[in-house]
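Sharing the features that TrEMBL gives for it:
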DOMAIN    4-108  domain 'Endonuclease/exonuclease/phosphatase'
BINDING   7, 35  Mg(2+) binding site
């Protein structure tokens, strides 16, 4: 299994670069993205050309801020977009996927001293 974690620092910005070519060449089974900086609909729209993957995203309540996403060739059994802490669940920093044999937790962690 090929699992890749990638801090994209803005999904829409990286889509204008070589992201799709790199993604195709890397051909991961699962791609975890951090810092998408887009709402769920914008993430889906940006990645609309990616075929053969299930897409799950968790955006922040604040537009243009943080955000995580998972692209997976295999459909997870379940996906959870929060950790159960109201103060943190609106930041889009965590997305967890349950698979048959493992759990995948994709987390975008802030730089020390920031929220």
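Using the three backbone atoms N, Cα and C, a Cβ is placed for every residue, glycine included.
Curation plays no part in TrEMBL annotations; they are all automatic predictions.
Source: prediction; values computed, not measured.
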Starting from each candidate's C-beta and looking 10 angstroms out, tell me which of the binding-site residues 7, 35 has the most other C-beta atoms.
35
Restricting to the domain 'Endonuclease/exonuclease/phosphatase' (4-108), report the mean pLDDT as a whole number.
93
